[in-house]
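The transmembrane segment annotation in TrEMBL covers 12-30, 88-110, 122-142, 154-178, 190-208, 220-241, 261-279, 345-364, 376-397, 403-426, 438-460, 466-488 (among others).
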Amino acid sequence: MSVKANALANYAGQLYTTLIGIVVYPFYLAWMGEEAYGLVGFFIVLQAWLNLLDMGMSPTLARETARAATHQGDQWQQLRGLVRSLEIVFLGLAVVMVVSITLGSDWIANHWLEVDTLSREEVAWCIVLMGFMVGMRWLASLYRSGIQGLERQVSLNVANVVIATFKFVGVLLILQFVSTQPSAYFEYQIAIALLELLVLGIMFYRLLGGRERWQGFSWAVLRPVLPFAGGVAYTAGIWILMTQLDKLLLSSFLPLSEYGYFTLVVVVANAIMTLTMPISRALMPRMTGLLASQEEAQMLRLYRHASQFIAATLLPVAGMVALYGGQLLYAWTGNMEAAQWGAPILLWYALGNGLLAIGAFQYYLQYAHGQLRLHVIYNTISVLIVVPVVVVAAWQWQAIGVAVAWCAFRLLSFLLWTPFVHSRFAPGIHRQWMTRDILPCAVATALMLLLYQWLGLSLWTLPRPWIFVSLMGMGVAILLVNAVVSSVGRDMIIRRLQERKHARATH
């Protein structure tokens with residue numbers, strides 16, 4: 001299936017999942033309360049940290065399935081053995097994960113979290129439920145990676161949409177008609193996590209095909225992929241440390257009610273990165289396949305076009321969220337206290353995530369080449385810098401401190417590391433990439449935002465629906481400007497105009 005079809009499917013699925021989450025989160029906050037919603041935020045952080053146990057195996061399976069789909073033959077049979085071996089590893093670690101969280105649930109409830117109104121017993125039980133949920137979702141991620149590697153994103157996103165509907169909308173029925181206790185929320189989510197695991201497992205095995213007898217663990221099949229998996233695992237571990245340490249520390253430093261507000265900020269800021277996930281999921285397997293087929297020039301062309309597309313579409317979103325974060329939070333939740341608390345924090349997270357989304361493209365190059373040595377070195381140096389800075393910032397200035405630190409580091413990383421990686425994997429591309437693919441859209445976005453500030457547009461006095469409409473209109477205006485500024489966008493517009501002109505001439 002084409003990159004375009006896969007990317008469109010990914011965007012449709014991700015857009016639906018993101019939008020449905022945006023719609024229901026204010027109901028969670030209103031019905032469950034700030035503290036209970038803070039537990040939902042803590043679960044998200046816990047799930048991210050426990051992804052350390054993945055050890056790079058999910059991305060490795062995605063890469064190996066992409067390679068096997070290109071070559072077929074013996075590699076397809078080896079892939080089946082790899083899948084079975086990874087399943088055994090994942091299952092064993094999932095058991096360890098669930099047992100560890102269960103044993104530590106009382107300590108987390110009584111000593112780590114700052115709980116005020118919820119009972120400690122309720123919180124401890126919720127943490128036990130979180131452990132089971134994380135274990136099942138983690139197993140499901142293995143099958144999801146395999147489906148992505150086979151470039152069957154259309155089928156995958158259909159399943160994702162159905163599961164997301166049960167996950168986000170179904171629980172509203174529980175909260176409305178059964179109980180608003182956080183334990184009811186997590187008990188329901190366990191059932192959905194089991195459904196997700198079964199659906200994705202069945203889908204992947206149907207795509208994999210074959211009726212060979214059941215295979216056990218095979219070290220011989222697993223050994224060849226360990227260098228790549230080890231590199232991914234190490235960098236993923238460091239990445240989790242850099243991106244989730246602030247959230248983990250703040251879960252203890254902030255009262256659970258304020259952590260609920262912080263969770264809202266994180267949801268909005270992460271939506272910026274969410275917009276890049278569909279294109280990256282479609283892009284990385286295709287770039288890997290093109291390199292495997294000795295089509296490097298076509299791979300680089302795809303790389304630049306994708307970079308320009310992300311710059312044109314994502315920078316306006318990041319800029320609008322940064323500048324109008326308070327109004328956005330208020331329009332979304334109707335909670336003025338949450339909006340005023342989160343606005344200054346969201347500004348820095350939004351800018352940092354915008355820089356991160358553009359800067360992540362250099363990793364796609366390294367991933368496609370299967371050479372992550374430089375990425376390992378970079379992340380090792382980064383974590384030595386970021387961890388002490390984040391700890392001090394969280395201790396001294398709490399949420400605003402870690403937000404500023406995050407943005408500053410992302411800016412330095414983009415300016416210093418991206419050109420270095422380009423010089424190693426695509427010599428001579430960086431200047432064109434910056435001047436033709438990134439900067440035109442960045443400058444256009446900045447000028448439009450300055451224009452909005454000069455016009456003195458204030459949205460606080462508008463009704464909440466009109467705040468949304470105004471923000472969307474302002475964002476679309478920037479997107480249209482970027483479509484003209486971007487060379488890919490201009491070419492597309494010119495081509496469409498020529499096609500219409502030709503169609504009229506023929507009639």
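Quick reminder: no glycine exception, Cβ is built from N, Cα and C everywhere.
Counting residues 6+ beyond its ends, the transmembrane segment (376-397) has Cβ neighbours under 8 Å at 231, 234-235, 238-239, 241-242, 245-246, 249-250, 253, 404-406, 409, 413, 417 in the same chain.
Sequence-distant contacts of the transmembrane segment (261-279), counting only residues of its own chain at least 6 positions beyond either end whose CB sits under 8 Å from a CB of the stretch, comprise 7, 9-11, 13-14, 18, 21-22, 25, 29, 34, 37-38, 40-41, 44, 153, 247, 250, 254, 306, 309-310, 313-314, 317-318, 321, 325, 328-329, 332-333, 337-338, 341-342, 345-346, 349-350, 352-354, 356-357, 360, 399. Residues 246, 300, 303, 344-349, 351-353, 355-356, 358-359, 361-362, 365-366, 369, 371, 374, 378, 382, 385-386, 389-390, 393, 397, 433 of the same chain, all 6+ positions outside the transmembrane segment (403-426), place their C-beta atoms under 8 angstroms from a C-beta of that stretch. Here the transmembrane segment (345-364) has long-range neighbours at 262, 265-266, 268-270, 272-273, 275-276, 280, 283-284, 287, 303, 306-307, 310-311, 314-315, 317-319, 321-323, 325-326, 328-329, 375, 399-400, 403-404, 406-407, 409-411, 413-414, 417-418, 421-422, 425, 438, meaning same-chain residues at least 6 beyond its ends whose C-beta is under 8 angstroms from one of its own. Within the chain carrying the transmembrane segment (122-142), a Cβ under 8 angstroms from the stretch's Cβ atoms is held by residues 39, 42-43, 46-47, 50-51, 53-54, 57-58, 61, 86-87, 90-91, 93-95, 97-98, 100-102, 104-106, 108-110, 113, 115, 181-183, 186-187, 189-190, 193-194, 196-197, 200-201, all 6 or more beyond its ends.
Through the fold, the transmembrane segment (466-488) approaches residues 305, 308-309, 311-313, 315-317, 319-320, 324, 327-328, 330-331, 436-437, 440-441, 443-445, 448-449, 452, 457, 459 of its own chain, all at least 6 residues removed from its boundaries and within a Cβ separation under 8 Å.
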